[in-house]
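Here you go, one structure.
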Amino acid sequence: MEFSFDVDALLPERITVLDQHLRPPARRPGTTTPARVDLQQQIMTIVDELGKASAKAQHLPAPITSASRMQSNRHVMYVLKDTSARPAGKGAIIGFLKVGYKKLFVLDDREAHNEVEPLCILDFYIHESLQRHGHGRELFHYMLQKERVEPHQLAIDRPSQKLLKFLNKHYNLETTVPQVNNFVIFEGFFAHQHRPPAPSLRASRHSRAAAVDPTPPAPARKLPPKRAEGDIKPYSSSDREFLKVAVEPPWPLNRAPRRATPQAHPPPRSSSLGSSPERGPLRPFVPEQDLLRSLRLCPPHPTARLLLATDPGGSPAQRRRTSSLPRSEESRY
């Protein structure tokens, strides 16, 4: 695959490893160094064109390899360059192999689910004009040595028939373990423990801090034991006796004499809203004669005395003398 820029000067090695940063590799001494931004843009162009060619060869609706996908994922891309032929003096690209670690749930021989994180083959492409020349095996073998894995430890994402035949021919991978997802694993996948990816910077920092700090962790807080249901006391009617005692009303409604002990069965109260508070018993009824006697004994009010003194009819003594005369004598006057 040819490009308009110098691929041989951009990728000095036969197999170049690209990560998510898509940075240009170290250049050979004595070569001209163009702008750094231009070099990264040329690498992004190579990645996009290789992804389109791979999608077309596999009859996919859209490319699964692109520069934007490489920058947003921690995948590794191995790019194989043609060093023998130099069309137009700018070099050419033979193919590429993209791999990456993924967390998967796979089934074993007993159909049990297993959570693993193997190295996965995500995309593999060799130019149609250079297939069956050993380039694919060279690129695949370089990747196995670089990643330090065995062929049966790999998981392949939606492999084509050409890739399955390639693995069977060169690595004797034939018997597969059926899965419910798009990944294919071969017999012997669970025979060895998979090597997880390199730990992140934050995890390594925490591990170093834990090794330096000898302070023991704080003990876990122990919760009190939960009480059994049989020990819970039921809500009996004796606990509600205090509700039957009437609350003492405020002044002046509490002037009735208090009882020493509450009645055994107090009178029922009205259940309607807004009812008046409970009052004490009324005073005993006073007879009419006693009421009149008490009124006669009461001294007259000062105002009443003043009215009687200013009455033109005379003094009270005169009115009493006049009223004591017979009615016939009163008529004369």
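Positions of Cβ are set from backbone N, Cα and C atoms, glycine also.
Relevant sequence annotations retrieved from TrEMBL are reproduced here:
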{"type": "DOMAIN", "residues": "1-190", "note": "domain 'N-acetyltransferase'"}
{"type": "BINDING", "residues": "124-137, 160-169", "note": "acetyl-CoA binding site"}
{"type": "REGION", "residues": "196-288", "note": "region 'Disordered'"}
{"type": "COMPBIAS", "residues": "270-279", "note": "compositional bias 'Low complexity'"}
{"type": "REGION", "residues": "303-333", "note": "region 'Disordered'"}
Write out the long-range same-chain contacts of Gly136 (acetyl-CoA binding site), meaning residues 6 or more apart in sequence whose Cβ is under 8 Å from its Cβ.
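Counting only residues 6 or more apart in sequence, the Cβ neighbours of Gly136 (acetyl-CoA binding site) under 8 Å are Gly95, Phe124, Ile126, Phe166.
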Highest CB neighbour count within 10 A among the binding-site residues His127, His133?
His127
Please work out the number of neighbouring Cβ atoms within 10 Å of the Cβ of Leu130 (acetyl-CoA binding site), leaving out its own Cβ.
18
Which residues does Leu164 (acetyl-CoA binding site) neighbour through Cβ under 8 Å, counting only same-chain ones at least six apart?
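Leu164 (acetyl-CoA binding site) has long-range Cβ partners Val184.
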Going along the chain, which residues six or more apart from Leu167 (acetyl-CoA binding site) have their CB under 8 A from its CB?
Pro151, Ile156, Pro159, Leu173, Phe186
How does the model score the domain 'N-acetyltransferase' (1-190) in terms of mean pLDDT?
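Mean pLDDT for the domain 'N-acetyltransferase' (1-190): 89.
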